[in-house]
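Taken straight from Swiss-Prot:
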DOMAIN    135-438  domain 'NB-ARC'
BINDING   GLY182, MET183, GLY184, GLY185, LEU186, GLY187, LYS188, THR189  ATP binding site
REPEAT    525-548  repeat 'LRR 1'
REPEAT    550-571  repeat 'LRR 2'
REPEAT    573-594  repeat 'LRR 3'
REPEAT    595-619  repeat 'LRR 4'
REPEAT    638-662  repeat 'LRR 5'
REPEAT    672-697  repeat 'LRR 6'
REPEAT    752-777  repeat 'LRR 7'
REPEAT    787-811  repeat 'LRR 8'
REPEAT    813-832  repeat 'LRR 9'
REPEAT    884-906  repeat 'LRR 12'
REPEAT    907-931  repeat 'LRR 13'
REPEAT    946-970  repeat 'LRR 14'
Amino acid sequence: MAEAFIQVLLDNLTSFLKGELVLLFGFQDEFQRLSSMFSTIQAVLEDAQEKQLNNKPLENWLQKLNAATYEVDDILDEYKTKATRFSQSEYGRYHPKVIPFRHKVGKRMDQVMKKLKAIAEERKNFHLHEKIVERQAVRRETGSVLTEPQVYGRDKEKDEIVKILINNVSDAQHLSVLPILGMGGLGKTTLAQMVFNDQRVTEHFHSKIWICVSEDFDEKRLIKAIVESIEGRPLLGEMDLAPLQKKLQELLNGKRYLLVLDDVWNEDQQKWANLRAVLKVGASGASVLTTTRLEKVGSIMGTLQPYELSNLSQEDCWLLFMQRAFGHQEEINPNLVAIGKEIVKKSGGVPLAAKTLGGILCFKREERAWEHVRDSPIWNLPQDESSILPALRLSYHQLPLDLKQCFAYCAVFPKDAKMEKEKLISLWMAHGFLLSKGNMELEDVGDEVWKELYLRSFFQEIEVKDGKTYFKMHDLIHDLATSLFSANTSSSNIREINKHSYTHMMSIGFAEVVFFYTLPPLEKFISLRVLNLGDSTFNKLPSSIGDLVHLRYLNLYGSGMRSLPKQLCKLQNLQTLDLQYCTKLCCLPKETSKLGSLRNLLLDGSQSLTCMPPRIGSLTCLKTLGQFVVGRKKGYQLGELGNLNLYGSIKISHLERVKNDKDAKEANLSAKGNLHSLSMSWNNFGPHIYESEEVKVLEALKPHSNLTSLKIYGFRGIHLPEWMNHSVLKNIVSILISNFRNCSCLPPFGDLPCLESLELHWGSADVEYVEEVDIDVHSGFPTRIRFPSLRKLDIWDFGSLKGLLKKEGEEQFPVLEEMIIHECPFLTLSSNLRALTSLRICYNKVATSFPEEMFKNLANLKYLTISRCNNLKELPTSLASLNALKSLKIQLCCALESLPEEGLEGLSSLTELFVEHCNMLKCLPEGLQHLTTLTSLKIRGCPQLIKRCEKGIGEDWHKISHIPNVNIYI
């Protein structure tokens, strides 16, 4: 890594020497000599990096060079910071503190120059060859959509495992566990994913859960993760182990589930026995699939013969390599093919090796570069279990300089951790790994670097959620990154401190990352770039925080702090301040606007924030502002957003404080093309402007057409803005509008071509249809298809709503999968919802029955929930038409007297029936005994059914005796 950071330092020195600040204190010659000395040393670094692998003295020399490099970087950084501060003062170079500062810098420069001369002299002992430094490989253009490559050579294995799982008939007490066993890099996780997503598996199991276990086999953590996976949401608050166990058993009880435990290392039999005891409540055929490298793990956990994964054939390895190295290139150099096949032989049939080697060579088309990989001495180094580590080391050594340290830095994240791309880029920036190129923003440079590492197969399992990109590293790739850091440790120059839930020290390439419970004296860490105190119990920052002149990244996520010290505003180099979910924080320091380098002010979830610091608009570097609380006074108003080029998402609150549309226009939202998510809210409990003014204000807050997510809360205007009827929302994917009681009609949302999720909560009692326009008379987009992309529709509390469309046509809601109806007593379903798979009807306090034809055209409905319909006495017989229905839940329907005899007989796919708190339900229908697919029946809080369903003697027992899992609760 030394050569990578030296290149960064040289670029910084070159840029600095061209500027005016270097002239301020008269150190131009000294900095020039430093630059020349580093250039001389840099010429031999590539050779040194390759030879250090089996040369301890050379490794020590590189460590000394590393330490000196970071020391020079500190001097340069401090010089620029102080020089900027002095130049902006009224005294300029005649500031009284200039002379002592010059003396201090001069002394440090002399000391580091002596060190570098000794290091330069020592390099002669190693007979290193000079090489021309390759600055950067040619970058290829990439799109924003990232897809996993095709899987080669594993179809046979997938089919065999699927058959084992589907044909498993063991009962719950003998829970089947199938381990997939194989060395690292063979593709165990990929194979498990193929099985998990196979259509046959999806149809066979009632529930599928995927858990990445890694090295921490903690029962409580795993049970919590399984519960969260099943429920699809995080558990709020802490729960003890016993209630967690009970909750999991309730969720799994009577279900034929598939649980995948990926990457298991636990060799403690008792730990597995404890977890297995909780899992033994499922239906016959419930299974656990594990992946592991360790035979002992397979023997401890497995009840079935471990499935040993073999190496890929040379042919499949070649196909995988070729797909990565050549892509869809039509003409391929036959000489490269010949060399490539020799390289693939060295990969030993390990997919990860073939994939990464192909990934690095896809940027190289010179035969010499391919021969260099084939003939590298790294192949001859001692190996552990396979040829994978030499292949991965080669992949690293082939990276351009600017990618090497960015990759190795990822070692600071725990193994198997889900990483956030945007956060990682901010951390790269904080450590100075990214340099601006032309007019490109640093964030865009970081995005390019990230994409290149992804294309070279260093990153995997890409997931995009809420506008953010998450990813993982294969554990062997993570091991490589960690080994690179460990080889370049410098304990004298700590640049990053993390607070985590465990206490130990991890060596990394440019410093050490320190993990601790109590905050140490910050003055000990003068070189600190990153301070990570996320989720800590600290409720106060010391005033010495202002002395960390190099600090770029401060993470206080989830801390209990109520305020921040004013000394924080002395941090001129601070780029990221993460205050997300600091729920007690009520204000920021008044001089926050002095943080001139601040790029990310993250405030999501800090709901106690009552105001913004004044003049936040002067932070012209600001790219991310999670929240903006509107104020009434100048310096606190919406106009502060006007000149900011914001990225990502922003939540604007207290819009009732905006006086008029003129003030709203000053926010200049229509020019912010890099915003993808916008939330706007009014507080209806304080002083309020007139409703007519609110319409004008919202009209003036028209966003840019690049927006993909829009949320509006508490709007009291009489109609929504005109820009909702327009192509302004042509890229919108999700809309949520809540508490807008005065709007008597809705915009034509059916026009929006990309809209996938529409949530309308607490609307006007005057609204009768979600869309009232005629199909052929609408603005914006010339299409007859209404809601062409909508997948989720969630409607709450529209007291007069009759239907979705006033005029129905054949082409409407073609892909609508999920629908939630709350407190809409008169709403009838459209006649054409062929794609609908999930329907929830809740809080209908009026209807005593549903329309007879209500469920007639829902041919693909799989999940139906009817809840809190207090006066509902019967269900329509059209229930029988739901041939695809797998789960039926009827909850808190206090007046329901019976289930339809004919309505249940047609449910030929039903596997789960749950009836809860239906006090008036007198008996179960005869048709239940004909439902041969039904495996789980749960009845709770139905007093009249308890005796009738008593095992063996109850009047209704014969109707349900064939069901494997029957649970009846008081």
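Backbone N, Cα and C define each Cβ position, glycine as well.
Each residue of the repeat 'LRR 3' (573-594) gets a DSSP state, and the totals for helix, strand and coil are 3 helix, 3 strand, 16 coil. Close to the recorded ATP site, the chain also has THR291, ARG293, LEU309, VAL350, PRO351, LEU352: residues not among GLY182, MET183, GLY184, GLY185, LEU186, GLY187, LYS188, THR189 whose Cβ is within 8 Å of the site's Cβ mean position. Distant neighbours of the repeat 'LRR 4' (595-619): 426, 429, 442-443, 552, 557, 569, 571-589, 625-629, 631, 635-636, 639-644, 649, 651; these residues of the same chain sit at least 6 beyond its ends, with a Cβ under 8 Å from one of its Cβ atoms. A simple Cβ count within 10 Å picks out one of the binding-site residues GLY182, GLY184, GLY185, GLY187 as the most packed, and that one is GLY185. Same-chain residues lying 6 or more positions outside the repeat 'LRR 12' (884-906) and placing a CB less than 8 Å from one of its CB atoms are 206, 837, 848, 859-878, 912-928, 930-931. Across the range of the repeat 'LRR 2' (550-571), the DSSP-based residue counts are 5 helix, 3 strand, 14 coil. Taking the binding-site residues MET183, LEU186 in turn, the residue surrounded by the fewest other Cβ atoms inside 10 Å of its Cβ turns out to be MET183. Shown for the repeat 'LRR 12' (884-906): DSSP residue counts in helix, strand and coil, namely 5 helix, 5 strand, 13 coil. Residues near LYS188 (ATP binding site) in space but far in sequence (CB under 8 A, at least 6 apart, same chain), listed by position: ILE180, LEU181, GLY182, ASP262, THR291, THR292, ARG293, LEU309.
With a threshold of 8 Å between CB atoms, the same-chain residues lying at least 6 positions outside the repeat 'LRR 3' (573-594) that come near it are 77, 81, 426, 429-430, 534, 539, 549-566, 600-616, 618-619, 621, 626. Under 8 Å from some Cβ of the repeat 'LRR 9' (813-832) lie the Cβ atoms of residues 785-805, 838-847, 851, 854, 857-858, all in the same chain and six or more residues away from its ends. The list of residues near the repeat 'LRR 5' (638-662) in space but at least 6 beyond its ends in sequence, with Cβ under 8 angstroms from a Cβ of it, reads 422, 443, 466-467, 604, 612, 615-617, 619-620, 622-632, 668-669, 672, 674-684, 686-689, 693-694, 696-701, 709. Here the repeat 'LRR 14' (946-970) has a mean pLDDT of 89 out of 100.
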